[in-house]
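Here's what Swiss-Prot has on this protein:
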{"type": "ACT_SITE", "residues": "Asp160", "note": "active site, charge relay system"}
{"type": "ACT_SITE", "residues": "His192", "note": "active site, charge relay system"}
{"type": "ACT_SITE", "residues": "Ser345", "note": "active site, charge relay system"}
{"type": "DOMAIN", "residues": "42-117", "note": "domain 'Inhibitor I9'"}
{"type": "DOMAIN", "residues": "128-400", "note": "domain 'Peptidase S8'"}
{"type": "CARBOHYD", "residues": "Asn82", "note": "N-linked glycosylation site"}
{"type": "SIGNAL", "residues": "1-20", "note": "signal peptide"}
Amino acid sequence: MKFSQSLIALAACFLPLIAAAPVEAQHAKIRSPRAQDIIPDSYIVVFNKGVNDADIESEFSSVSRILSKRRSAHKGVGHKYNITGFKGYQIETDTGSIGEIAASPLVAWIEMDGKVQANALETRSGATWGLGRISHKATGSNSYIYDGSAGSGSTVYVLDTGIYIEHSEFEGRAKWGANYISGSPDTDENGHGTHCAGTIAGATYGVASKANLVAVKVLDRDGFGATSATIAGINFVGQNGKDGKSVISMSLRGHYSAAVNSAVESTVSNGVTIVVAAGNDGDDASNYSPASAKNAITVGSVDSTDTRASSSNYGSVVDIFAPGVNVKSASIGGKSAFSIKSGTSMATPHVAGLAAYLIGLGGLSSPAAIASKIASIGTKGSVKDPKGSVNLIAYNGNGA
């Protein structure tokens, strides 16, 4: 399964990388995805599928010897990824060392690490139409019709700028999970993650108002991070999430990355539903990750007239559309503060919340079943200008 004042808003922009020519020349395993920024001397090393723990430990010993031999001043091995079907690590080192590491028979490929950037989003006072839209087949309703289970028993992991967990919208149901931004406090200093979390499970503006929320911080106060940190966040959920009861919401995007897609696809295969933004580039979403990950649920944005937002990415990898223009939700301005934001970043949490809502109803035990249900009950044929995308708007199956 298959985004400035920039383009109205995405949460973030993966900008993976252009490899330096000397590195490419040293080994064909080193990949250089499309990019506009790079993190110098930082790499994501992916092991072959099926590699065992003993071989991995032996490999780390070998890497230590390589770094020691070259007397590298870099930090060395950082994040380690241990998802069934996706194992690897992030390393800071020089080009000579990475060439030696790439030569290992245990290494499938290496990607240069990339920056992640969160764009500023527009805010203003406005209406609350998104919940009305996903609980009715037609536009125009501001009432939200839903089952009282409201996502009870589900947990949504928000990979973003963090969550202001003290906000009244969360009623104590939000907690801190992990922080992959070095030196950053365990709170949301930006506001993007809190807004997304409010749409997912806020008491007033949330789709699944009884679901639990876990903050996984992969973007800093200025909206910057690294591809490697985002994969570390996915790995955290893979290690801590409960199969069939967990959802990842990723309102971020970047140019196509095999490492990001592989981590997403492996985590879904292990029982975690992953909902991702199509992106705000007005472009084919297949050019971006994690939007192009095969078994993620990829979400485009529509406005209150069911017209695809002009900035919303589109195409065959988009699985569904959801409200993403002028969406009201929680903000970091205070425990009762709210703001209005727009973008596929805002559409994505509507569908992540819907996945949690369906888990709360019971009877759906796998990501495939949840995705199938979302597709089968969605409002068909209402999207204006889908531009080659599926013509489907998220719907919870309740209102007329």
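Counting begins at 1 with the first residue displayed.
In case you wondered, yes, glycine gets a Cβ from its N, Cα and C as well.
Where Swiss-Prot records a feature, it is marked here on the structure.
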residue	record	Cβ neighbours (10 Å)
Asn82	N-linked glycosylation site	14
Asp160	active site, charge relay system	33
His192	active site, charge relay system	30
Ser345	active site, charge relay system	35
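For the domain 'Inhibitor I9' (42-117), residue counts in helix, strand and coil come to 26 helix, 30 strand, 20 coil, using DSSP. Neighbours of His192 (active site, charge relay system) among the recorded positions Asn82, Asp160, Ser345, defined as a Cα within 10 Å of its Cα, are Asp160, Ser345. The two recorded residues, the residue listed as 'N-linked glycosylation site' and Asp160 (active site, charge relay system), have Cα atoms 21 Å apart.
Across all of the domain 'Inhibitor I9' (42-117), the predicted model scores a mean pLDDT of 93.
You'll find the Cα of Ser345 (active site, charge relay system) roughly 10 Å from the Cα of Asp160 (active site, charge relay system).
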